[in-house]
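Asker: Mind looking over this structure? Questions follow.
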Amino acid sequence: MNRTLALKLEPYFYTAPSLLLIAAIMLVPLVTGLSYAFHDLILLDPLSGDFVGLDHFREMLDDDGFWTALRNTVVWTAVSVALQFTFGLVLALLLNRPFPARGLVQALVFLPWAVPGFLSGLTWAWLFNPVIGPLPHWLHGLGLLATPENILSDPRLALWGPIAANVWWGIPFFAITLLAALQSIPKDIYEAAAMDGAGPLLRFRRVTLPLLAPTIAITVMLRTVWVANFAELIVVMTKGGPADATQILSSYIFTLAFQRLDFGYASAVAAVLLLLLLAYAAAVMVLRHAMTERP
Amino acid sequence: MATITLSNVSKDYGGGPVLRGMDLEIREGEFVALMGPSGCGKSTLLRLIAGLEEPSGGEIRIDGRRVNEVAPKDRDLAMVFQSYALYPHMTVRENMSFALKQRRLPPAEIKAAVEAAASKLGLTGLLERKPKALSGGQRQRVAMGRAIVRNPKAFLFDEPLSNLDARLREQMRYEIRKLHRELGATSVYVTHDQVEAMTMADRIVALNDGAIQQVGSPQDLYDNPANLFVAGFLGSPPMNFLDATLAPEGALVVEGQTLAHVSPPAGLAAGTTLTLGLRPERLALTDPTEGTAVRVDVVETTGTGRVVHLALGPQRLKLFTMDPRPLAPGDVVGLVAPPGAPLLFDPVSGARLS
C-alpha cells in the first residue's frame, strides 16, 4: 500500500473499534426502533409486520389519546422543571452560606435523589390516599379541596399528583449542580461588586445569575429531556388514568407497547417524541450560544 | 479624598486575635503602604477599612464619620484586588461602568468617564473585550480603571501587582505612583514586597503578628528601624545581624574582634551582649591589615556591584560593594564599618537600643 495513504488512514484504524462499538450499541437499536414506526407490528398478531409507510403518523393526527398526551407532556414537563429549578436554586443559595451542621443538612437534602423513582411514586400515591395519607386532609383543611378525596382519581386534578412527586424527587438534582456552580464563583467578585455599590439583590442579578447561566441552560435542557421521558411516576401513581387523563407521551408509548402490544404505533409516537426533544435541544443550544458568545 | 482613622481596632475570628489594638491615621491624599509578611494582618486591616469584614473592637472613621456599621457599598471606597476580581461575563467597558450605573449617572456621563479612564490607562482599544481575552497586565489595568472611574474617597490596593512578572510590576509601580500624583486620592496599599513599599509609599506601616511595628517614611524606616523586624524586612540584601558584646569605650566585639565603634548608649554596661545590625551597603572592604579580618565565602555579581558573603568565625554576613579588587572564595580581607553604620538591638526583645 502507498505509504502516504497508510499514514492518512492510520488515525481511522485507531478510532475504528470505539466507533464500531458506539454504532453497535447506540445506532443499531435506534435505527431498528425507528424502522418499527413504519411497520404494522402487533405482538399477538402473527400476520402483522408489513411495511405501512406513514400510516401510523396519519393515524396519530386523529388520535385524541395522542393529543391529550402531548398536551399533558408539555404541562408535566414545564411545571415539573420550573418548580424543581426554582426550589433547587433556593436550596442551593441557602446551602451556599455557612451554618452549623451544614454538611449533615446537605446530605439530608440530597436524599430524595437516592430514592428510586418507582418507590417515590408508591409513597406519594399513598400520601394522596385519604385512607392512609395526610395530604387530602391537609388540602381540605387549607380549603384547596372541597372534600378530602384522592386527587389521583379526579381527571381534572390527577396530573398534579405525579407532578408533586416529581418536584420532590427532582429538586436535589438542581440543588447539587447549582450549588457546585455557585461554589465555583470566586468570592472576591462579590466583594468587588459590593465595593462598586451593589446591594445583595443586585449582586444576585448582575453577578450570580449571569455566572450561573451556562449551568442553568445545560441543566434545564437535560432535565427537560429527562422529565419528558420520565414515565415511571405516572405509570406507578395513576397508570395514565383516570380515563387516560394523565397520560404523557412516554407513558402513552409504554401503554401502547406493553398493554395494547401495538409496537408499530408505539414506535411511531416514540419517533415523534424524539423529534420534538431534538428540536427542543437544538433550540436551547442555539439560544445558549447566542447568549454566551455575544460579540 | 478622605482621611481614614483607626482607633484601637482589633479583629478576632475566634482563633485568637488577628489584629491587636491598632491606631493609625491616614491623611488626606496620602499614599500609605501596609507592609508585612503573609499572615501579619495587613489584608485583614484593608478589608476592615473596606467594610468587607467587621472589626471585633475599636472604631474606624472615614472623614470623621464612624463607619463600623456602614456597608461596603455605602463607604465610597474603590478596591483593586490581587486577583483583579473582574466580572468575567462583562466587557471591559461594562466592568468599568458597573459602579457608575449603580449610581444611575446619565449614560453620556458614564461613557465619557469610562473613556477618559481608558485613555489614561491605555485601554481604549480593548473596551469591547471580555477579561478572558486580555493579558495579565491588561486585566490589572482594567481593575485600576474600574477603581479610578468612580472618583472614590480613597483607593484600597490588595497586593495588586503580585500576579505580574517582574518587568510589568516595575512599570505598574511607576504608573500607579504617577496616577496617585495626578489624582491626589488617599491610597492604602497592601504589600509583602518591601521594594513596592519603599518605592511607592509616602509612609510605610510595618506590620507583624497583628500589631503595628513602626510607621514612618520609607527612608526613616530604612535608616532608623524601631526593631529587628523592621530592620530585617527592609533592604535587599537584608541587614546583617551579628551577636556582639559591648566593650569599654563603645567598641563592638564580634567573635573576639572589634568590628566597630559606637558612642556607648546610656544605661548599657560594658560586657552586655546585644545584636549588631549592619546594612550590607554601609560596609567597606580594605586590606586585612587595616580592617577586621574576615574570610570570603561566596561572591555574587549583580552588575552594579558584588554581594560578598563573608565569614567571621561561625557568623556570616554580607557586604555590597562596587570595589573592583579581585576577590576569590577563601581570601582573607579587611572589613570596615564606618561610624554611624552600626545599629544596636536588644537580642531578647528585638527593640532598638541606640
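Glycine too: its Cβ is placed from the backbone N, Cα and C atoms.
Quick paste from TrEMBL:
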DOMAIN    A:70-286  domain 'ABC transmembrane type-1'
TRANSMEM  A:12-38  transmembrane segment
TRANSMEM  A:74-95  transmembrane segment
TRANSMEM  A:107-128  transmembrane segment
TRANSMEM  A:167-186  transmembrane segment
TRANSMEM  A:207-228  transmembrane segment
TRANSMEM  A:263-287  transmembrane segment
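Walk me through where these features lie, including what they touch and how far apart they are.
Answerer: Under 8 Å from some Cβ of the transmembrane segment (A:12-38) lie the Cβ atoms of residues 51-54, 56-57, 263-264, 266-268, 270-271, all in the same chain and six or more residues away from its ends.
Within the chain carrying the transmembrane segment (A:107-128), a Cβ under 8 angstroms from the stretch's Cβ atoms is held by residues 91, 95, 134-136, 150-152, 161-162, 164-165, 168-169, 171-173, 175-176, 230, 232-233, 235-237, all 6 or more beyond its ends.
Counting only same-chain residues 6+ beyond the ends of the transmembrane segment (A:207-228), those with a CB under 8 A from a CB of the stretch are 73, 76-77, 80-81, 84-85, 166, 170, 173-174, 177-178, 180-182, 185, 189-190, 193, 198, 248-250, 273, 277, 280-281, 284-285, 287-288, 291-292.
Outside the transmembrane segment (A:263-287), and at least 6 residues removed from its termini, the chain residues within Cβ reach (under 8 Å) are 33-34, 36-43, 48, 52, 56-57, 59-60, 66, 69, 73, 217, 220-221, 224-225, 228-229, 249-250, 252-254, 256-257.
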Asker: Which bits of the chain, at least 6 residues beyond where the transmembrane segment (A:167-186) starts or stops, bring a Cβ under 8 A of a Cβ in it?
Answerer: 80-81, 83-85, 87-89, 91-93, 95-96, 106, 109-113, 115, 117, 120, 124, 207-208, 211-212, 215-216, 219, 223, 227, 233
